[in-house]
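First up is the structure itself, then whatever we jot down about it.
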Amino acid sequence: MICKTQKLNNGKEIPTVGLGTWGMEDEAVLEGAIRNALSLGYRHIDTAFIYGNEKMIGNILKKLFDEGVVQRKDLFITSKLWNTFHGCPEDGLRRSLNDLQMDYVDLYLIHWPVTFDPAPDGTVESCGKKYNVGKFDAVGVWKKMEALVDLGLAKSIGISNFGKANTEKILGTCRICPAAIQIELHPYLNQKELVEFMKSKGIQVISYSSLGSAPGSSAKVRDDKTIKAIAKKYGCAPSQIILSYITAQGICVIPKSRSKEHLRENIDLKELSREDISAIDALNTGHRYVDPPGFGPEKFK
């Protein structure tokens, strides 16, 4: 049976399945997705400063709080520190909290192990095609992240898109261990070695791009013939097989969907046989759908 929550190393719990919001920039569409998700029992909403939708999410959730649909204490909200705020994570988080209209987030992640120095005009919102990549100081940024927990602005802190090297730098000096890591993970990129390392350190793994696709990409994991054959065997959608495969490993997922039907499918997970899990394991090619150019040599390290 798939557990509904996973316990973090600080004793707090994170829902196994959450709602991803990357790419959702239309407020009406986003509100529909959040309302549908909450009605189905979702309680984790994943966002980030760079997604550009935190203000919309804040407006939507305030409306839902006022309507009595859900209470803040029942939600798990994740946001992420953008690359231009490494010098002052508190500033980055306070901007997100202001937009979200919240006093705290449940999980705050360093979005990338990549630092962007401010633009010549002093702005920090840079996210275009030209990046002013600076030197990433994993230990220094993490110490500032720890202060966010002390201030009560984040219940848990973690990392995203990190590999073993930068994670070990943090673990060697940290006062508060990263509670979670968010990485691209799907049958074509199962990241077995990194997952085992994170588990050995008590760091909860969260998969993004779980269904294996990205804007402009060609081969989608859910169209893979092996995935489709297993889905036919279980009488369900290919996406359900992929999410079942990932969550069976104790990994959280945050699939994005606007459709209530798909949202329902994404929490209706199946118990896969060992044979089917092995068949999906064999699909690993190491293919990344998310590999931003211009992010420098530290990305994924």
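Each residue, glycine too, has its Cβ placed from N, Cα and C.
Here is what Swiss-Prot says about this protein:
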- Tyr51: active site, proton donor (ACT_SITE)
- 11-20, 209-266: NADP(+) binding site (BINDING)
- His111: substrate binding site (BINDING)
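Shown here: features listed in Swiss-Prot, placed on the structure.
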residue	record	Cβ neighbours (10 Å)
Gly11	NADP(+) binding site	8
Gly20	NADP(+) binding site	25
Tyr51	active site, proton donor	19
His111	substrate binding site	21
Thr226	NADP(+) binding site	16
Gly235	NADP(+) binding site	8
Ser244	NADP(+) binding site	23
Val253	NADP(+) binding site	27
His262	NADP(+) binding site	17
Candidates Gly20, Gly235, Ser244, His262 (binding-site residues) - the one closest to His111 (substrate binding site) by CA: Gly20
Integer Cα-Cα distance in angstrom, Gly11 (NADP(+) binding site) to the residue listed as 'active site, proton donor': 29
Local backbone state of Gly20 (NADP(+) binding site), from DSSP in three classes: strand
Nearest of the binding-site residues (Thr226, Gly235, His262) to the residue listed as 'active site, proton donor' - Cα to Cα: His262
Coarse DSSP state, helix versus strand versus coil, of His111 (substrate binding site): coil
